[in-house]
Amino acid sequence: MGERKVLNKYYPPDFDPSAIPKGKRKTNTQVKVRMMLPMSLKCNNCGEYMARGTKFNSRKETAENEDYLGIPIFRFYFKCRLCSSEITFKTDPRRSDYQTENGASRSYEPFEEVASDNESEEEEEDTANPMKTLEEMTMTSKKEMDLLDALDEMKSQNARRAMLSPDDILRLKHTSRMLDDDGHPKEGLEEGWEDSADELDEQEAADLQQFREEQSLRALDATETLHQTAVKSGGQHNETPAKRKRRIGDRVTFISKKERKKAAPPLANAAPNCSLVQYSSDSDAQK
């Protein structure tokens, strides 16, 4: 069991890693892979047909000194299922296809002939009509320029939006509702629509301010409720840090446990002197 989950290994004091020879690595090794035939083949030895999608075990290797635009070409070895003769084929990155090499011939596939005919026709048209090639190049360059202009416009628009204040955003929001796509006032709007938009902005800003005030009042009420609950309990459970401090002038000192025990009974009836609300109000008054 100790050899199965080894976390640390022992290295003796006389260990010298430079004395360990490096293992030799083969330059071109074959890898066993499980794959399917990408095309229909006919064995040249026995005439057996093998349909596309037939599963088999093969050996894969990288073809030496063969590549297409830096893309390596792989060669596959497998055996015929009837006579066990070796068949090889390799990848063809130029056509995004495969081509047979030895031991078998590829069956006729009409779609490949149609694709090759279309490619040859396109090449002939390009060579026979240079004006069409020039037009395509012009359209491509125009599309690239349009994309660059749109990108610059988006960048400038984002930069302008980053400098807007919340009031400016509200004003733009109401203004966009009253303008059409061309920037003109919509039909049916009365004169003075700009003043009404400003009034709407002021109303929305007032609603936002009122919402913030309500949120602050709710937080203050929750703090006061927590303090009253702690005072009624007599300080028997976890006390907040504000109850363990007292303020003397500009100084804030800690209250010892003995003083808290002595002051615990009258705290239920007396007004709190060290509450969170009182402490916050004192700090606000000093500000």
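Just so you know, glycine gets a Cβ as well, placed from its N, Cα and C.
Predicted, not measured: the structure shown is a model, and the values here were computed from it.
According to DSSP, C43 (Zn(2+) binding site) sits within a strand segment. Summarising the annotation, TrEMBL assigns Zn(2+) binding site to C43, C46, C80, C83.
If you look up TrEMBL, you'll see 110-127 (among others) marked as compositional bias 'Acidic residues'.
The compositional bias 'Basic and acidic residues' feature in TrEMBL is assigned to 178-189.
Look at TrEMBL and you will find 190-203 (among others) tagged as compositional bias 'Acidic residues'.
Here TrEMBL flags 229-239 as compositional bias 'Polar residues'.
What TrEMBL lists as region 'Disordered' is 93-130 (among others). Helix first, then strand, then coil: DSSP counts for the region 'Disordered' (93-130) stand at 20 helix, 9 strand, 9 coil.
Annotation source TrEMBL lists region 'Disordered' at 178-203 (among others).
The region 'Disordered' annotation in TrEMBL covers 229-250 (among others).
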